[in-house]
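Engineer: Feature table excerpt (TrEMBL):
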BINDING   His126  Mn(2+) 2 binding site
BINDING   Asp149, His151, Asp153, Asp235, Asp237  Mn(2+) 1 binding site
Amino acid sequence: MGTGTSINHGLDMVFSNTKPADATPEAISGELQDGIAIVGLPFDGGSSYHPGSRFAPNVIREAGRQVFSHPVWPFGFDPKMVQTVVDTGDVLYPYWKPQTFPACVREHVDHWMGSKMRVLAFGGDHSVTVPMIQSFLDCNPGGKLLVLDAHCDVADFDPGDINHGSVLSELLADGALQDTDLIHVGMRTGARSDLPAASHVFSMDEIDQDHCSIERLAAKIKEIAGRAPLYISLDLDVFDPAFAPGVSTYATGGLTSRAGLDLLRGLAGCNLRAMDIVELCPPRDPGGVTASLAAMLGAYFMCISSKHFNQMSRTDER
Ligand SMILES: [Mn+2]
């Protein structure tokens, strides 16, 4: 089973018992650069309703302990054993200057985003995605963005605003993200016309959650994404509150956890470069149900984007 270089130091709070970031990408030489860099984004200054997502990164790390106690179903392997996985820790910022957070994200993330490593980030409220995507697009011009979210996040904004409700309006206004490069899944608030007509929208009422339909949806997304570098921004409120009660803003009528996991698995083979999982609000998460889902989604990303899995799948196809 591969030669993973993950190390359990057993001291720090890290996702998947992996090595804390005592190494920069430059220091991780050769093939080892192909792996996962994990980043925590403990910020909820952009939340409109229920704060608390600043506590999410470590809660997801903790939930990961159980997820990684077995090979990840249905992949049958432990993703930290087949590739380098480095938990780079949390983005730090002076809490009394919340407006500095986006720049602090760039400072922490840019060199990982520009390396061969894939980036897996745990929010934070959805506003943390803005500097993440800007970093991604700077490193991957022509990259595409897949957003899974109940909301379309197109609120009006003034320069310098930090608002989890204006993620897409900011990115589209910035010019780095083209509307044709935006794929949006799970919308069920606002109006379809809130998003640019040229973007690819699969609203919740258009998604049939049986297995074959999710497979077809994944195939459509893969067709749109092609070989372009892909960033997935996963707002946990895309799931129905029955499956993900620990989010800050509820929107009834969302994905089941099964459908969401199947959809993510269906995206194997895309040129996956990064994913964020945002809006987990631990203070309203009974029993850690949503944290557990977030950790599993992270583990899925680590599996489907690994060289190991993609080589295995190619062999199966022969
Ligand atoms: Mn949302």
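Placement of Cβ uses the backbone N, Cα and C atoms for every residue, glycine included.
No curator has checked TrEMBL annotations; they are predicted automatically.
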Engineer: Taking just the CA atoms, what is the gap between His151 (Mn(2+) 1 binding site) and the residue listed as 'Mn(2+) 2 binding site' in Å?
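Structural biologist: With distance taken Cα to Cα, the residue listed as 'Mn(2+) 2 binding site' is 11 Å from His151 (Mn(2+) 1 binding site).
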Engineer: Give me the sequence-ordered set of same-chain residues, not including Asp149, His151, Asp153, Asp235, Asp237, with a C-beta within 8 angstroms of the centroid of the Mn(2+) 1 site's C-beta atoms.
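Structural biologist: Going along the sequence, the neighbours appear as His126, Val147, Ala150, Cys152, His164, Val167, Gly186, Val238, Thr249, Ala251, Glu279.
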Engineer: CA-CA, which of the binding-site residues Asp149, Asp153, Asp235, Asp237 lies nearest His126 (Mn(2+) 2 binding site)?
Structural biologist: Asp235
Engineer: DSSP on Asp235 (Mn(2+) 1 binding site), three-state: which is it?
Structural biologist: strand
Engineer: For Asp237 (Mn(2+) 1 binding site), which residues of its chain lie six or more apart in sequence with Cβ-Cβ distance below 8 Å?
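Structural biologist: In sequence order, Asp149, Ala150, His151, Ala244, Val247, Ser248, Thr249, Tyr250, Ala251, Gly254, Glu279 meet the Cβ cut-off.
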